[in-house]
């Protein structure tokens, strides 16, 4: 037994490797079963793929996707969003993360994809970005803007993708997100079309540093609908904050500001809509004040804001009555007094400001005179409402400015900006006034931007760059924008300003003046005057505007009385809301509301034109806010005025990306070897040729790009995304090259170190086991004969041979059977036999499992329970109870453990007895006494003393035999023997053994390998010996070639192959130690049984003929088998079956011959002379076959180590166990199978040898040898025939007496005689 590692180590390692090996997929991803359950896609996700480009086809595609809960659709890089009016669960953090780092084509359409594209382009191209969200009121613009901000806040500043950011960046993100609930509360309201309609425009610019981290933000406010503060139409509401405050104010706020429910105030109750489904005013109020805290508003500022809101609510409850003179009087002075308390002014000042108007004459003799003019109730109510609107409008502006101050305080120098525009959508009501005109005007400007950038500018650029292009017709709404904002000819805003300037005192007169001036606009096809109304044909539809009150709203100037009232207040916050005062000495007309909205819209357009836009076009599916209704006609109208059909046409015919040659080269020069080297720009030509070289080297199809005069164009976004991916991977590839070189260097250095360590460990490997082995020698102290395998150089004390400390199935089973805790180690485990007493009969050894832990010795036994083996713990012997251990003086394997208990002393038979004793003494600290004697005494069960004697019996070659208290055993090695020195290492082969050639060609060797002729015995071969070693006759490799007839070859009439004699070697026996026979003819006592079976007995030599040389006495007693040749012949080393091309029954290992004593003398054998008719020796005995069995039933394995069987399988029996389990072998696989499943197969009787053919005259032509076909299908290797060598039987079974070898000898003699006659002179 040669052991170099702990038992089970290789198996465990192999098992782990096998489990860790990934499946081979050859680049094909495993199919996901969940794909069969995915929701089928409805319509097309990108409408540029529509087969028909019509408004109806676009509408039908949007309808399909809306019905399938897919609200987002692309037109190229434009996102179309249909308001679902419900939560679809598509804005979770998981979905948000899935869009990070993905281009538009990798994921389904989503608002997150637009946000990711804007953020990526900002970082990649260092250009400002903006997201323009347009659509009519209630289409979902505010929600889209919130999701854009949510995504940017989530991904910005986190370059690692782990979500970790610095505290400053995190603060900026929180503040940016906090602006949404705060501005929604103060700037949104319920309308007939939208429950959360934005009643103001907002452009949020988020500033980023060079690393993409947010460093600040700015909000620009556009045209708050302040008229909503003082009045709404039926079923609409005031701004959300009024309902939130009146419903959810704290007790302190209610007590301090007299707050009541919304039904108590005229400004909130007159529209008869206090609650809205889906809106929680209490939760929104808490969110608004939490946003104030995040942004940084102090408690005093928050209380001042609540005071102003309460002032507005109480001002709405001030009513007027007409006195006898027709002037206005206060109907409820108490309310006015409470308003004065809130404004912190004198109550009389409030009364005068609301009921009187101070006028100062500007002309005439009384120039500069001041008059107090009383107001009628209508005029007083207008002054009251003007004060309320002014307070709320200025409060909203203060909130925006306060937010900007908080965000800018954290900002540094911004490198890039992303803007998000959330503005009111296009509105058409029954009564449309000045507010709707301004809102629709801003939407016309946004539509003009869309047309300029996506339709007009793109086509103009193609013409300027001389790009092949087919023009697309579209509607340009510039004519509508000029109708509203132009000065020459004057537009609607200019006409309003002129009317206010000429008739400023009377609003009705100003309205009439305005209608007269609109006659100059009748030449515009998009304008039509109709009495007191006028119609404007907007891009989104025709809108009829009411002129009444429009000039007054356009004037938008506070009375001097109101400003004086504010100045008299002691509230600094209120005074701060009105910082601007008109200059009384200035003759310049103050700007009107129309002027301000026009200036703001043009400034917004300038900002948007300086950034790279991304578009989101929102669509409202129905007017009832239903999640299931889809109004085909209403959506079709929106599709038409949004110009989606024209957008699709331009997108399909245009180019997705264009940029100057310099920027393209700057961006992508890394992708061409001609333009870059190691990251440096090396192109010597101009930018245009460099751009062309990049496109050519990256393999882009020629129809995918064009070069203009100053710019390069890429047609499809897929191409651009591919270039971006290649660029992103460039630095990764460079880094991987450096890493690869570094790893190769480190690997070489580490491998060198490991080689040194390996060499050191190899010299020290198993040192502890060797020391334990030497300790075992010391325990025996030269008093016990040794077995040969106990002394081999590689014999080490491994201990746990059953792998209880490992993970094998058998080890786990034994550990469970012994009830061992998982943390208790096993120092020794092996199979053993226990002497079991039988009533009235002699005791017999019975198989057991022998285990030893640091605290006890365990003896386990296996029984059959219901025809199934079951292992149980038979006995546990604590180490402290073992008084002494008894061993004999001979080489047997018996051990006596004297424990002194009623159960008796166990008498064990174990192959590793010395190792067991060494471990036992090691665990007990040497306290256990070791007795070595020729007769051992032990106690049987019941404290009956017994003896066991040991004697030598040379007829027992291997092992020992117990019978009647006597153990018979052969002679062993001397007691003073020591372990053999380590064997010298064999030189390594030039290539791994797995790569050696295993073909049927001859094996190249310095020494020839004998060629074996096929016979019945040789073709079958011997079964492999236990332990995996093939028998000697298994090396007899059969051949598939038949014997050629005599006429087939001229040089060799018989056609037989000659076996060349091995070259002689001077001195020594010439045999390796593993092939030398012992000096005596008796088998060696130390030879294992499986080696004795592997070497067949030498055949009996017949009487030599007179012509042949007689063998010497030394030859006959050398003990070397005749088939191995003479002792003076140097034999070839063992050859594996793979090298010989053997059949499947042969093993791949070389066959070791029995070792011999070193004292065997070398005997010379003379060469065999050719004879005429030499009688051949009888055939050697056929090698013993293992009995064969047939499986009667199917057997499925339950545990590792069992061999599965199918009915009819043929197996060979290797070992029988008494527990009903047999060790069998099927092919090259062996394992345990139940004996009841097997049936013995009767072997056929051996065929008698064929008699020799009759002798023929010498002159006759020799007959050809009968051809015999080998039973094997494998062609053996062969050596060239030697005409001077005598035919001999090299291996047993290669030739029959008087058979092929006799024919060869006779033919050779005939040829020699014929040659002599030919040379005799006549």
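Backbone N, Cα and C define each Cβ position, glycine as well.
If you check Swiss-Prot, you get these features:
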{"type": "BINDING", "residues": "135, 136, 137, 138, 139, 140, 141, 142", "note": "ATP binding site"}
{"type": "COMPBIAS", "residues": "1000-1017", "note": "compositional bias 'Low complexity'"}
{"type": "COMPBIAS", "residues": "1027-1056", "note": "compositional bias 'Low complexity'"}
{"type": "COMPBIAS", "residues": "1078-1087", "note": "compositional bias 'Polar residues'"}
{"type": "COMPBIAS", "residues": "1137-1148", "note": "compositional bias 'Polar residues'"}
{"type": "COMPBIAS", "residues": "1257-1267", "note": "compositional bias 'Low complexity'"}
{"type": "COMPBIAS", "residues": "1269-1280", "note": "compositional bias 'Polar residues'"}
{"type": "DOMAIN", "residues": "42-728", "note": "domain 'Myosin motor'"}
{"type": "DOMAIN", "residues": "732-752", "note": "domain 'IQ 1'"}
{"type": "DOMAIN", "residues": "753-778", "note": "domain 'IQ 2'"}
{"type": "DOMAIN", "residues": "786-980", "note": "domain 'TH1'"}
{"type": "DOMAIN", "residues": "1184-1243", "note": "domain 'SH3'"}
{"type": "MOD_RES", "residues": "369", "note": "phosphoserine"}
{"type": "REGION", "residues": "417-499", "note": "region 'Actin-binding'"}
{"type": "REGION", "residues": "966-1090", "note": "region 'Disordered'"}
{"type": "REGION", "residues": "1137-1162", "note": "region 'Disordered'"}
{"type": "REGION", "residues": "1246-1300", "note": "region 'Disordered'"}
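Mapped onto this structure are the features recorded in Swiss-Prot.
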residue: 135; record: ATP binding site; Cβ contacts under 8 Å, 6 or more apart: 81, 141, 425, 426, 617, 618, 619, 620, 638, 642
residue: 136; record: ATP binding site; Cβ contacts under 8 Å, 6 or more apart: 193, 425, 426, 427, 540, 618, 620, 638
residue: 137; record: ATP binding site; Cβ contacts under 8 Å, 6 or more apart: 191, 193, 194, 197, 424, 425, 426, 427, 620
residue: 138; record: ATP binding site; Cβ contacts under 8 Å, 6 or more apart: 83, 191, 193, 194, 197, 425, 620, 623, 625
residue: 139; record: ATP binding site; Cβ contacts under 8 Å, 6 or more apart: 81, 83, 425, 618, 619, 620, 638
residue: 140; record: ATP binding site; Cβ contacts under 8 Å, 6 or more apart: 81, 82, 83, 618, 620
residue: 142; record: ATP binding site; Cβ contacts under 8 Å, 6 or more apart: 184, 188, 196, 198, 422
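A simple way to gauge crowding: the CB of residue 141 (ATP binding site) has 27 other CB atoms within 10 angstroms, across all the protein chains here.
Within the region 'Actin-binding' (417-499), the DSSP-based counts of helix, strand and coil residues read 47 helix, 8 strand, 28 coil. For the domain 'IQ 1' (732-752), the residues of the chain that approach it from at least six positions outside its boundaries are 678-679, judged by C-beta separation under 8 angstroms.
Using the Cβ center of 135, 136, 137, 138, 139, 140, 141, 142 for ATP, the list of other same-chain residues with Cβ within 8 Å runs, in sequence order, 83, 194, 197, 425, 618, 620.
Outside the domain 'IQ 2' (753-778), and at least 6 residues removed from its termini, the chain residues within Cβ reach (under 8 Å) are 4, 795-798, 914-915, 917-919, 921-922, 978-979.
Secondary structure from DSSP puts residue 142 (ATP binding site) in a helix. Helix, strand and coil counts from DSSP across the domain 'IQ 2' (753-778) read 24 helix, 0 strand, 2 coil. Across the domain 'SH3' (1184-1243), DSSP assigns 3 helix, 29 strand, 28 coil. For the domain 'IQ 1' (732-752), the DSSP-based tally of helix, strand and coil residues reads 21 helix, 0 strand, 0 coil. Taken together, the residues of the domain 'TH1' (786-980) have an average pLDDT of 90. Residue 137 (ATP binding site) falls outside any helix or strand according to DSSP and counts as coil.
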